[in-house]
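Visitor: Starting off with a structure, shown below.
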Amino acid sequence: MSLKDSAKIALSLMDLTTLNDNDTDEKVIALCQQGKTEFGTPAAVCVYPRFVPIARKALKAQGTEQVKIATVTNFPHGNDDIDIAVAETKAAVAYGADEVDVVFPYKALMAGNEQIGFELVQQCKAVCQASNVLLKVIIETGELKTAELIRKASEISIKAGADFIKTSTGKVPVNATLESARIMLETIRDLKVADRVGFKAAGGVKTAEEAAQYLALAQEILGHDWVNSDHFRFGASSLLTNLLAALNGQANQKVSGY
């Protein structure tokens, strides 16, 4: 596949993201506008819960209401208070989110507690399922570090009902890597849940070339047809600039951001 072809696919699989402490209505509207490109739209925009209604309005105003709106809960620290995670997820759904990205209590798992992660995901899934909202679970691979823990967090999340497993918050030093992606994709394959569980690489994917590597990896493990927006996403902000550069035959630009 040519770089242009993979860049076009990657754009359609993006969750175009702004999760900054200084986000404003204006910044969220600008993000939605960035997603309306001559090469199509991303799968979703991802914003903090309070900005979901503004994003909905902005997407509708520009005629791109097919773009989903994702948000985050238990974010970014992945605390182990189930009640708070569930309350935040209920609030996110009430704001009108189509998709919720919840942070798995990864520190609890690192301390040996598997049950709390299962229960947290299971209860957030119940909230989402009742409103037909997709649940993505962020396992924070850069903090789990070992293949064993990355696999365990993936397995627990899937068994508790995750619709997607996602690498990272983008708020820790190490975010998505091909190594952690391979472990997560192989877990989806090994548990035989590829028909109902997707994968999201988040943070650190900044160029069309890098995106192409993730697409190739997913196709290698789960098959060419599996890679679509129902099963595969990139969580990113700066990636869009370089995908558009590749599609226009231009060089990568140095971009800051997620």
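Every residue, even glycine, has its Cβ placed from backbone N, Cα and C.
So Swiss-Prot lists the following for this protein:
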ACT_SITE  Asp101  active site, proton donor/acceptor
ACT_SITE  Lys166  active site, schiff-base intermediate with acetaldehyde
ACT_SITE  Lys200  active site, proton donor/acceptor
Visitor: Near the Cβ of the residue listed as 'active site, schiff-base intermediate with acetaldehyde', how many other Cβ atoms are there if near means within 10 Å?
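Guide: Its Cβ has 28 other Cβ atoms within 10 Å.
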Visitor: With every protein chain in view, how many other Cβ atoms are within 10 Å of the Cβ of Lys200 (active site, proton donor/acceptor)?
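Guide: That number is 27.
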Visitor: Just the number: how many Å between the Cα atoms of Lys166 (active site, schiff-base intermediate with acetaldehyde) and Asp101 (active site, proton donor/acceptor)?
Guide: 8
Visitor: Look up Lys200 (active site, proton donor/acceptor) in the DSSP assignment and report helix, strand or coil.
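Guide: Once the DSSP labels are grouped into three classes, Lys200 (active site, proton donor/acceptor) ends up as strand.
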Visitor: In whole Å, how far is Lys200 (active site, proton donor/acceptor) from Asp101 (active site, proton donor/acceptor) when you measure between their Cα atoms?
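Guide: That separation, Cα to Cα, works out to 10 Å.
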Visitor: What is the Cβ neighbour count of Asp101 (active site, proton donor/acceptor) at a 10 Å cut-off, with all protein chains included?
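Guide: Total other Cβ atoms inside 10 Å, all chains included: 29.
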